[in-house]
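Reviewing the structure listed below.
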Amino acid sequence: MSETFTKGMARNIYFGGSIFFFLIFLALTYHTEQTFPKRSNEAQLTQSVIRGKTVWEQNNCIGCHTLLGEGAYFAPELGNVFQRRGGEDGFKPFLQAWMKMQPLGVPGRRAMPQFKLSDQEVDDIAEFLKWSSKINTNGWPPNKEG
Amino acid sequence: MSMANPHLKFASQAVAKPYFVFALILFLGQVLFGLIMGLQYVIGDFLFPIIPFNVARMVHTNLLIVWLLFGFMGAAYYLIPEEADRELHSPRLAIILFWVFAAAGVLTILGYLLVPYAGLARLTHNELLPTMGREFLEQPTITKMGIVLVCLGFLYNIGMTLLKGRKTTVSMVMMTGLIGLAVFFLFSFYNPGNLARDKFYWWWVVHLWVEGVWELIMGAMLAFVLIKITGVDREVVEKWLYVIIAMALITGIIGTGHHFFWIGASEVWLWVGSIFSAMEPLPFLAMVIFAFSTVKNRRRQHPNRAATLWAKGTTVTAFFGAGVWGFLHTLAPVNFYTHGSQLTAAHGHLAFYGAYAMIVMTLISYAMPRLRGLGEAADERSQTLEIWGFWMMTLSMVMITLFLTAAGVVQVYLQRWQPDGIALPFMATVEHLQVMFWARLGAGVGFFAGLLCYLFSFKQRGRAALRAPAAVVPS
C-alpha cells in the first residue's frame, strides 16, 4: 500500500469506524425493540406459549427442523406448520395424533424420535407454534410449504 | 517442559501444544459425525434411534465450535508471549484450564450421546436458567458457565502477559478479538420467552462471533504467521491488519441485519442488512491480496512451505466460502427464497472451513514443528503429506459446497419458487435431491481421507526427528 496512507490512518479508521457503526447498530436495535410488541403480538404471549417454547427447546427440535428458517435443514419448516396442518380448528388434534404416531417406521425414511410428551406438553407446543405463526415475518415463507 | 526446547523463543509457549493436539482430535470427531449425518441424508433411518439426526448434528457443530476455541486459545498461548516478548504470566494456569475445558467438553458430548436431550436438561437443571435447545447453543447451562470461567482465566493469563510486556498491533488485535468472543458469548444466557426477541439476540452471539470478532482473531493469526514466514516489515503487515479489521467491523456489525429479515424484526433491516452485508466480502478480499502480496514480497525463503500454503489457502477459501457464497444469498429479495435451504448449508461449510478451520491449521502448521522440537519446519516428506492433506480436504470441501449448492437451487425451485398447490412439500422435495446428497457424501469421504493424510503427516515428523536430531542445530 502507498506510503501516504499510514498505519496511523488505518488504525483511526478501524477505531472510529467500528465505534461509529456499533453505535448505529445499537440505535437500530433500540428501534427494533420498540417494534417487537406489535410485530410479535406480545399481548397473546401466554404462559402456555412460554411453556411450549421450553418443551421445544428441551427436546432440541431445532436439531432437525427449522423455525422461521433457522435451525437444521433435515425436517420441515415449522414456523407456518399451524396454517399447513389444520389451522384454528384442526392443528391441535393433528399435533396430538402426529406426536403419538412417531416414529413412523417407514424403512429408509427420515425418522422422528418418540419424545413421550404428555398431552399438556403437546398442547403447549401447539400454542407456541400457533403464536409463532402469527409473528410478522415480512411475508416469509413464500408459500405454505415453508 | 523439563528440557529446554531451542526452537521456542519462550519455554512457556509450549502450553500451546496440548491445545493444538486436542483441537485436532475433536476435529476428527467432528468429521466422523459429519459422515454419519451425510449417510442419514440418504438413508433417513441410519443409526435411528441410537443416534438420531439432531444428536449427530449437535455433536458435529459443537465439536466444531469447541475445537476452534481450543485452536484460538493454543494460538494465543503461542503468539502472545512471542509478541509481548516475555514468558506467559502463568503456564500452570494454562494447563489447568486445558484440563478443565477438555473434561467439560468431553462430558458434554458424552451427555449428548448417552442421555436423551430432555433428560440432559433435567439432569443439569435447565429450568433454573433455561439456555438449552437453541442452535449451536445446545450446551447445558452449567457447561456454558464453565466456558465463561475458562475464558475468564484464559483472558486473565494472556492479558497479564500483554500488560507486562511489549504491546504490538498483532497481539492487541488478537486480545480485542478474544475479549469480544467472551463478551458476546454472554448473550447466550439471555433467552426471553418471546421467540422473535430470542432469535434477535441469539445472533449477537453467532453473527458477531463469526462475522465480527472472530475475523479479528483470524486477521491477527494470519498477520503473525505472515510476519514469521516472510520476514516482511511489521509496519506494512500491521497497516494491512488495521485495514482488514476495519472493513470487517464496519461491514460486519450492521451486516448482522441480513439475519433479521424474516424473524420478526423491523423491516428497516431488509435494506440495512442487504446493503452492509453485501460489503462483507471486502475484508476477505483484502486478506487474499494481503497474503499473496506479502508472500510475493518476502525477504526470506522459509523452509515451511506447508505453512505458506495454508496461509494463502485460508484467505482464498474464506473469500469464496464466506465472501462469495455469502453474497450469493445475502440480498433480501434473493434470501426470501433461499433462507434456510441447502444453500445456507453450502455457505456454512465452505465459510467455516475456509476462514476458521484453515486459519487454525495455518498456525498449527507454523508452530507445531517448533513446539515438537523439530525446528522451523518438518522434513520434506511429511510436508508433502501435509500438502496432500491440504488439497484433499480443501478440494473435497469445495465439492461438498458445490453439491449442496446444486441441491439448494433445486430445492428452492421445487419447494419455494412455485405457488401454493404446485410447490412440493419439504419431504417430497428432498426425494429429488438424493443424487446431490449421495455425491456430497462421496466428497465427505474424500474430506475424511484428506484429514487422515493430514493427521498422518504428524506421525512422519516424529519419526524423522528421531532419525536426525542433530540436523536442526546450526553449526
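Cβ atoms are placed via backbone N, Cα and C, with glycine included.
Marked as domain 'Cytochrome oxidase subunit I profile' by TrEMBL: B:19-409. Per TrEMBL, the feature transmembrane segment maps to B:20-43, B:63-81, B:93-115, B:142-163, B:170-190, B:202-227, B:239-262, B:268-295, B:307-328, B:348-367, B:388-415, B:435-457.
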Notebook entry, point to check: Excluding the flanking five residues on each side, which residues at least 6 beyond the ends of the transmembrane segment (B:435-457) place their CB within less than 8 Å of a CB in that stretch?
Noted result: 24, 27-28, 31-32, 34-35, 38-39, 41-42, 342, 361, 378, 382-383, 385-386, 388-397, 399-400, 403-404, 406-407, 410
Note to self: With contact taken as 3 or more Cβ pairs under 8 angstroms (pairs 6 or more apart in sequence), are the transmembrane segment (B:63-81) and the transmembrane segment (B:348-367) in contact?
What the structure shows: yes
Checklist line | Recorded stretch that, among B:93-115, B:170-190, B:348-367, has the most CB pairs under 8 Å to the transmembrane segment (B:388-415) | finding: B:348-367
Next item on the list: Tell me, please, if the transmembrane segment (B:142-163) and the transmembrane segment (B:202-227) are in contact, taking contact as 3+ Cβ pairs under 8 Å between residues separated by 6 or more positions?
Entry: no
Notebook entry, point to check: Is it true that the transmembrane segment (B:202-227) and the transmembrane segment (B:93-115) have 3 or more Cβ pairs under 8 Å, skipping pairs fewer than 6 apart in sequence?
Noted result: no
Check: Counting only residues 6+ away from its ends, which parts of the chain sit with a Cβ under 8 Å from the transmembrane segment (B:348-367)?
Finding: 13, 16, 20, 23-24, 27, 64, 67-68, 71-72, 74-75, 78-79, 210, 214-215, 217-218, 221-222, 224-225, 228-229, 284, 304, 306-307, 310-311, 313-314, 316-322, 325-326, 386, 390, 393-394, 397-398, 400-401, 404, 454
Notebook entry, point to check: Can you tell me the mean pLDDT for the domain 'Cytochrome oxidase subunit I profile' (B:19-409)?
Noted result: 98
